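Lifted from TrEMBL, the feature list:
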REPEAT    89-123  repeat 'PPR'
REPEAT    190-224  repeat 'PPR'
REPEAT    291-325  repeat 'PPR'
REPEAT    326-361  repeat 'PPR'
DOMAIN    505-597  domain 'DYW'
Amino acid sequence: MASTLGVLEALLRNPGAIATKLEVKQLLKALLKRPGAITSASEAKQLHAQILKHNPSSPLYTSTAICVYSNFKLLNQSLLLFKTLQSPPSLAYKSIIKCYAVNGRFVESLASFVDMRASGNTPDHSVFPSVLKACAFLVDVDKGREIHGYVIRYGFDKDLYVASSLINMYSRCARVEDSIRVFKITRQRDTISWNSVIAGCVQNGMFDEGLRLFRQMLKDNVIPGSVSFSSIMPACAHLTTLNLGKQLHGYIMRCGFDDNVFISSSLVDMYAKCGHIRTAGWIFGGIKGRDMVSWTAMIMGCALHGYAEDAISLFEQMKLEGIRPNHVAITAILTACSHAGMIDEGRRYFDRMTEEYGIRPGLEHYAAMADLYSRKGKLNDAYQLISTMTTPTGTIWSLLLSACRVHKNVDLAEKVASKIFEVDPENIGARVLLSNIYANDGRWKEAAKVRMTMRNMGIRKNPACSWIEVKNKIHTFIADDKSHPLHDEINIALCELQEKMELAGYVADTSEVLHDVDDEQKKYLLYGHSERRAIAFGIMSTPAGTTIRVIKNIRICVDCHTAIKLISKIVGREIVVRDNSRFHHFRDGECSCGEYW
């Protein structure tokens, strides 16, 4: 091999040199075993020139040239050569299938695989990763299963690289159970297969399962790499498991991956979503060679925490550093404007996104602008904007319906609800909102009618829940739920807080208690809201001065917002609540949202 590579080096140093026919033949045989010996597209072309000088019609020589070209994604050159072959051998087919796949031509890649089988050529293990990649990107699970059948038929189901490709294909097609099933029967698992199954779980919302598999990987003494950490960090962000995120951060530092821009970006995102925006900013400040992902993670973090001016400053700085915003960055800056009520700035970014950045507004951009108009009370502007969309979804109409509740616009709410039910008849949230809007307006018959329709359709409202992490354990609370082992102690703590709040001037706001009951019963219902129970438990279970962090699955109500401001002052703690819209940082009787949420 060494002497053969010497011939290659001599040819590359002197493009005009002509190798003997024997030398070229030996060289091609060597390249079949080690195609990486050609290190650039120009070298590939010089090799092809030598082939043409000796035997341009040889299927073996031509196939080898196709193979080398495919390594450099040179599709046009590969296709020209492939079309010269009357009966392409297996090597030519494998190379063209791969070349189509790496160039994003997935339909053609699968078609070439079909042609390969029809021609009588038997695929080997190196073909299947390419065709499975095509199935994954086309999200064609039926074709993927068909390919899986061929894999088993030809006996490659135990091949590690093929198995990893199968895991990735099923994950991309949202068939995580099949992905896990393939993983379990893979005898020899490497970091790639572990990463594939973990990433598949996380990307499909199975965060707990992803974390379980990551722990199992560590137990099996598989050393995680940079991709492993980038795959698992989003699970911590979505589950808001701050303590686990901190443990992973420590592991990352010990492994020496803390200077990896992808991992650092994941850490920024995790800390921001877990309520630690200052830590996210500290990590972001230390990233060298920040890319679009890291910038966007920090901008969105600032947006969710209500620091709109910081988000805008970062966005403008990103542009100054030569990074052109993509559609995610535009969504982040529009979200920042929405959470701060900066309507002029939001309009400016939305109106210029196509002209300045070549980005056509997508659903997420319309949603952010509709949210901005709605929060600001400009409901008609939001309605007109959504109406300009080609196919507005039930989700984007629901943003406006929620605003109709806040601003008590029943007439527009009925109009918007009809739009939602046209495109999404079983939209649970919209029916609940409409019922609440009627109840808030004292129209109990209409509210009851909506609830009856829901029951007849078999639709049930998801209960309001709050979560808090204490000593590495997640505690879940539902309003008036008595299942927690410290239920009685929590009630006592709530009563004590209630007394102190009333001494401080607290008066319950029952306007959002949408039940046809008397005022005393309404007050009782408010006192049992899930976030209050979670906060009381957090105060009981953590040392004085510890920040309390609570997650809530719906919008925090006005009365709870007022109550938590008072609680933060009474107990002398920062209380961070993340509802389904944004973060609220309560400190010394004030909230970071400035009463705008």
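In case you wondered, yes, glycine gets a Cβ from its N, Cα and C as well.
Values in this document were obtained by computation on a predicted structure and should not be read as measured data.
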Within-chain partners of the repeat 'PPR' (190-224) [C-beta distance under 8 Å, separation at least 6 from its ends]: 160-161, 163-164, 167-168, 170-172, 174, 176, 179-180, 183, 231-232, 234-236, 238-239, 241, 244, 251, 255
Tertiary contacts of the repeat 'PPR' (291-325), as residues 6+ beyond its ends and Cβ separation under 8 Å: 261-262, 264-266, 268-269, 271-273, 277, 280-281, 284, 331-333, 335-340, 342, 345, 357, 359, 578, 582-583, 585, 592-594, 596
Secondary structure content of the repeat 'PPR' (89-123), with strand meaning DSSP E or B: 26 helix, 0 strand, 9 coil
Residue distribution over DSSP helix, strand and coil in the repeat 'PPR' (291-325): 26 helix, 0 strand, 9 coil
Confidence summary (mean pLDDT) of the repeat 'PPR' (190-224): 93
